[in-house]
Amino acid sequence: MVDDALSSPGQPALRRIRRLTEAYAWLSSVAFAVQLLVMGVGPGRFVLFALVPLVLLSWLLRPMRDSWLIALVECAVVHGAMFVLPTPQPALGFVFAVTVQRALRGTDHERFPLRAMPALLGFLTGFTVWLSVTPVAVTGPMVASVVMPLVGLAVVATALHETARSARLVQDAHRTVETVVRASPVGLVLVDAEGAPLLHNDRARELLAWSEDAPGRVPCPHGPDITACARGCRAAEDAVEVRVTRADGSTGVLAVQAVPVEHVSEPHTLVTALDVSKRRELEDQLRTRAERDELTGLAGRTHFLHLVDAALPAGETVGLLVIDLDGFKEVNDAEGHEAGDWYLVSAAERIGRAVGPVATAARLGGDEFAVLAPGHDVRDAARLATRILSELARPLTGLGHDTVIRASVGVAVSSPGVGTADLLRDADTAMYVAKREGGGRIRLFRPEMGERVLARQRDKADLRTAVSDGQLVLHYQPIVDLATSEAAGAEALVRWQRPGHGLLGPGEFIGLAEETGLIVPLGNKVLAGACEQAMRWREQGRSLGVTVNVSTRQLSAPAFLPSLDRVLKTTGLPPERLTIEVTESVWADGAAMRGLMEVRETGVRVALDDFGTGYSSLSYLQRYPFDVVKIDRSFTNALAETGRTAGVVRCIIDLAEVLGAHTVAEGIETQAQADWLRNAGCAYAQGYLFGRPDLAENWDAQPSVPH
Ligand code: C2E
Ligand code: MG
Ligand code: MG
């Protein structure tokens with residue numbers, strides 16, 4: 001809107017005059033033609049006839065130009081008409097209209113009255129001369145002699161009025177432009193092709209540090225003068241940002257842009273300068289935030305990956321270390337998030353210190369850090385990793401008790417053509433292997449590690465599906481009362497019917513389930529399945545208790561007790577019919593131990609599985625009461641070999657009796673083992689001799705318990 005008003009002031013008025021004169025030209029030319037035809041052709045008139053098409057032709061061909069030739073032809077027509085014709089008004093009107101038309105077509109409207117003046121004067125003189133020599137009544141038809149001149153006069157008056165108005169509008173538009181330019185917060189300079197300033201504002205002087213003493217030369221922050229600057233800016237599509245020092249010594253950033261101004265006859269350029277210091281400052285802050293990890297101040301993940309991207313094509317070997325803190329989750333859970341943050345910050349400081357200026361340390365997220373070490377081969381990278389681990393291992397005293405930071409480090413070194421993602425994945429794989437091997441160690445990446453990790457990831461995904469899709473199967477193994485040789489209960493042992501792999505034993509997936517936390521939903525399924533089975537046996541009149549293996553990780557989860565309660569309620573199984581089997585590792589886990597005691601309070605019985613293989617601490621056995629102690633299979637196997645094993649087993653049986661617990665001997669394969677254990681006072685036994693783990697529906701087909 002504003003643009004239109006400024007660029008074409010008075011345009012509608014000029015259009016109106018143009019239409020008016022066009023109509024008048026047509027009217028005159030028709031009258032002129034009629035006049036010539038009616039009057040017949042004398043020699044003078046013949047010349048006139050020949051000239052008229054010339055005028056028309058020149059008008060059509062070169063309507064935009066002032067040309068002497070055209071002016072001459074027009075002059076000849078005017079004078080010829082005056083001398084030859086009795087009523088020259090139509091011819092004069094026609095020539096006048098043509099001239100006005102031509103004048104109006106140019107772009108320089110201000111000069112229009114000047115250019116139209118000769119035709120106007122010719123018209124008026126001719127008309128006056130004719131009026132003075134010829135009485136109106138006798139000279140010809142009314143239209144040619146009276147109406148035509150009057151219409152011509154009206155056209156002239158309107159044209160003069162409109163052009164004056166148009167000139168005023170142009171002036172107003174100039175004034176508006178000047179005001180806008182002056183008020184603009186953007187520095188504006190309009191320069192001509194030589195770089196001379198045509199229009200500018202004070203803001204431009206201020207921003208470009210353009211002193212009043214140098215009026216003709218506009219300085220530019222990036223170029224010797226404004227023309228070079230404009231050229232440079234025009235080459236760039238967007239504004240070019242330049243850092244400048246202001247008069248008061250402070251620095252800022254200017255966005256300078258040059259736009260060609262095309263609707264004037266000479267090439268002009270509008271240079272704009274905008275102070276973008278504040279925006280730039282904010283952007284810098286945001287960029288720093290994105291580049292830095294907020295908590296630790298180390299490089300952030302995205303920025304770090306960019307750094308690796310930039311380092312790789314340089315050709316030298318690049319070492320990449322991925323560091324994952326061991327046991328951070330425990331610190332976070334036990335000591336709270338603030339302590340967790342402090343722990344991370346301490347770790348970051350130590351990593352940064354160990355790395356020094358030769359490499360860049362970053363926090364990739366959570367408790368995972370990384371180090372980019374350009375120019376480090378395997379040996380250098382391993383040395384750096386050792387330095388990091390020993391720096392981390394220095395005593396840390398801020399948590400109210402002494403602790404050390406342990407971490408697993410994976411190291412990968414670039415080879416030609418390797419990408420950032422590959423290198424990071426390799427270092428990550430090596431770290432993962434270090435973690436799986438117990439943590440607190442450094443592992444260098446080897447290609448076969450990648451395959452193992454991939455296979456493990458596949459297993460993980462499949463196991464998740466197995467738990468949700470019912471691929472888990474429960475087998476039951478009889479626990480026999482050695483006195484009566486009757487089955488007193490059954491141990492539920494889980495199997496995985498894995499598509500394409502057959503039936504997998506727990507040894508192949510329980511470790512993975514524990515590592516991934518899948519043990520919790522898996523354990524719940526086993527618990528529910530076993531309790532339902534025990535209820536079915538009960539309904540069939542078989543008095544069989546059921547035993548379920550529960551891992552330490554399950555027990556330490558706060559949700560274990562509620563889910564146990566729920567299962568007992570929904571199945572209706574009396575709690576004393578259920579035995580939970582735990583291994584000695586439970587002693588090392590306070591939360592699991594507390595969970596176990598709560599389980600015991602519900603009336604569910606608790607068995608210590610594989611006794612003798614783990615902590616084997618008799619003092620623990622004394623301190624925490626168990627209902628059942630299961631003597632590990634390794635003792636049963638060794639019974640026949642040494643007298644010492646027999647002594648130990650006898651001792652365990654006696655101790656359990658003193659503590660009020662039953663003993664179950666595991667892995668009985670021979671009748672001799674069963675007899676020895678019965679004689680030694682062992683109450684129950686379990687083993688292939690009595691029955692292999694099998695589906696509940698096959699239980700009746702098991703080899704019968706020997707008497
Ligand atoms: P466990 O609780 O000690 O189970 C006894 C294991 O000994 C079973 O192996 C059983 O098949 C095997 N066994 C029983 N009698 C004999 C015998 O006479 N000779 C020999 N050589 N082996 C015998 P399985 O089923 O492979 O289970 C292995 C372990 O997996 C179990 O040891 C238990 O710790 C764990 N497990 C099984 N099911 C579950 C479960 O649902 N949850 C958890 N957390 N662990 C489970
Ligand atoms: Mg067991
Ligand atoms: Mg066992």
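We number each residue from 1, going along the chain as drawn.
Cβ from N, Cα, C; glycine included.
Range with TrEMBL annotation transmembrane segment, chosen from 81-99, 119-137, 518-536, is 119-137. Summarised by DSSP class, the composition of the domain 'GGDEF' (316-447) is 63 helix, 33 strand, 36 coil. For the domain 'PAC' (238-288), the DSSP counts in helix, strand and coil order read 12 helix, 25 strand, 14 coil.
Over the domain 'GGDEF' (316-447), the average per-residue pLDDT in this prediction is 91.
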